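Enquirer: Here Swiss-Prot flags 8 as active site, tele-phosphohistidine intermediate, drawing on sequence analysis. Residues or ranges marked as active site, proton donor/acceptor in Swiss-Prot (evidence: sequence analysis): 86. Under the heading substrate binding site, Swiss-Prot lists 7-14, 20-21, 59, 86-89, 97, 113-114, 182-183, citing sequence analysis as support. Positions annotated as site 'Transition state stabilizer' by Swiss-Prot, on the basis of sequence analysis: 181.
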C-alpha cells in the first residue's frame, strides 16, 4: 500500500519569511510551479489515487488541485479538514522570522519553531487574528480552536483524524494522497515512523515535493522516498 504526502508549494508568506500558521495566504508563483511539477512527477511515476485529503487553507487546497489536474485525476474525491491545518503559530503569525530572532534571540525562536512541546506566545482573546472570527471555523466548538500550538498539540489533532478517517480508507485498499502543511505533516510522519520528540526537531519537509510511503498491513512504513527528480 502506498501513501503520498505533499507539503503545499511555496506560499506568499513563505517567500517573505513570515510566520504563517492558520493565516490564509495564497501560493506564490514559485509555489504554483512546485505544485504543478509535483503533479507531473506523480503522473510520470504512475501513482493513482482514489481519495484525497487536505486542510481548509487555500495554499494546501490549491496545491492539491494542481497535483490532481497535472496527474489527470481531477475527479478524485477531496475531503477538507481543519485538523490538517498548519500548526497555529499564535501571536507569532504575521511576524518576520529574522526580525523575531533578532528581538527574542535565535535560540528562543528556534524552540518556538522546532521544539516538540514549547508553545509560541498565544493570541490574546480579543486579537482580530483569532480563528473564531473566520467563517470556516464557525461550526467548531470554540474550545477546539487554538490560540497557539506546539507540535505536540498539532499531533493531538492530526492523529485522531488519521486514525478515524484516513487510515480506514487505506485499510479498505484505497490509494490516498494528503496535501497539507509542514508541521501537520511532521506530526503525521512522527507518528508513522515513531520519531522521538528530540529527533523530530531536525525533520524538514520540503515544499511541493511528493513523499511516497510504502506501508505494510499495519500501516507501518517499510520504505519511503521523495519524487524529487
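Any Cβ shown, glycine's included, is placed from N, Cα and C.
I'd like these features described in context: how deep, what's nearby, how far apart.
Expert: Around the Cβ of residue 8 (active site, tele-phosphohistidine intermediate), the same chain contributes 27, 31, 35, 57, 59, 60, 62, 63, 179, 180, 181, 207, 208, each under 8 angstroms and 6 or more positions distant in sequence.
Around residue 86 (active site, proton donor/acceptor), the same-chain residues at least 6 positions away in sequence with a Cβ under 8 Å from its Cβ are 20, 21, 22, 55, 57, 180, 181, 182, 183, 184.
DSSP assigns residue 7 (substrate binding site) to a strand in the three-state reduction. For residue 7 (substrate binding site), the same-chain residues lying six or more positions away in sequence with a CB closer than 8 A to its CB are 179, 180, 181, 182, 185, 205, 206, 207, 208, 209.
Within 10 Å of the Cβ of residue 181 (site 'Transition state stabilizer') there are 27 other Cβ atoms, across all protein chains.
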Enquirer: Given the binding-site residues 87, 97, and counting only Cβ atoms in the protein chains shown, which has the most within 10 Å of its Cβ?
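Expert: Output for this query is 87.
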